[in-house]
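Enquirer: The disulfide bond annotation in TrEMBL covers C28-C92, C41-C102, C72-C82. Taken from TrEMBL, the feature domain 'SRCR' covers 3-103.
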Amino acid sequence: LKIRLVNGKEPYMGKIEVWHDDRWGEVCDHGWDYKGARVVCRMLGYPDAIRFTFETDFNPSLNQIFMDDVSCRGWEKNLHSCKYRNSRRGNCDHYEDVGVRCNAPTLYNHKVTLI
């Protein structure tokens, strides 16, 4: 599963988009919580999530909403390992798209090798 964050002011924040059926789509906020945000941030290489947010913080999208009723435990390696419902015929609108703000990377979070 490929994911990305879009429309954020920094690369570590934005609306979540998932790659499915050769196109990008959104994740609905039904069932979404901090545990899902943690999974997304770690998938993208960030140490953790600071918070999750909804569409009001990012620009609207015309992409299809692919995931609904997402329920993560927080330790999954990817979003597909969480429980979710395919939202193609779902009851979500784009004001329910979800986003995250991940912990920004710092030198402390990365391994540095001197040669």
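A Cβ is built for glycine as well, from the same backbone N, Cα and C atoms used for every other residue.
Keep in mind that what you see is a predicted model, and the values were worked out from it rather than measured.
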Enquirer: I'd like the number of other C-beta atoms within 10 A of the C-beta of C92 (disulfide bond), please.
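Expert: A 10 Å sphere around the Cβ of C92 (disulfide bond) contains 20 other Cβ atoms.
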Enquirer: Just give me the nearest neighbour of C72 (disulfide bond) among the disulfide-bonded residues C28, C92, C102, Cα to Cα.
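Expert: Nearest in space to C72 (disulfide bond), counting only the disulfide-bonded residues, is C28.
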Enquirer: Looking at the disulfide-bonded residues C41, C82, C102, whose Cα is closest in space to that of C28 (disulfide bond)?
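Expert: Given the candidates C41, C82, C102, the nearest one is C82.
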Enquirer: Fill in the CA-CA distance, C92 (disulfide bond) to C102 (disulfide bond), as an integer in Å.
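Expert: With distance taken Cα to Cα, C102 (disulfide bond) is 24 Å from C92 (disulfide bond).
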Enquirer: So what's the average pLDDT for the domain 'SRCR' (3-103)?
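Expert: When the pLDDT values over the domain 'SRCR' (3-103) are averaged, the result is 90.
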Enquirer: For C41 (disulfide bond) and C82 (disulfide bond), what Cα-Cα distance in Å is obtained after rounding to a whole number?
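Expert: C41 (disulfide bond) to C82 (disulfide bond), Cα-Cα distance: 14 Å.
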Enquirer: Let me know how many other Cβ atoms fall within 10 Å of the Cβ of C72 (disulfide bond).
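Expert: Excluding its own Cβ, C72 (disulfide bond) sees 22 Cβ atoms within 10 Å.
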Enquirer: Please give me the CB contact count at 10 A for C28 (disulfide bond), counting all chains in the structure.
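Expert: Excluding its own Cβ, C28 (disulfide bond) sees 25 Cβ atoms within 10 Å.
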Enquirer: Of the residues in the domain 'SRCR' (3-103), how many are helix, strand and coil by DSSP?
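Expert: Summed over the domain 'SRCR' (3-103), the classes give 19 helix, 41 strand, 41 coil.
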Enquirer: For a quick check of understanding: among the disulfide-bonded residues C41, C82, C102, which residue's Cβ has the most other Cβ atoms within 10 Å?
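Expert: By the 10 Å Cβ neighbour count, C102 comes out on top.
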Enquirer: Tell me the Cα distance separating C82 (disulfide bond) from C102 (disulfide bond), rounded to the nearest angstrom.
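Expert: Approximately 19 Å lies between the Cα of C102 (disulfide bond) and that of C82 (disulfide bond).
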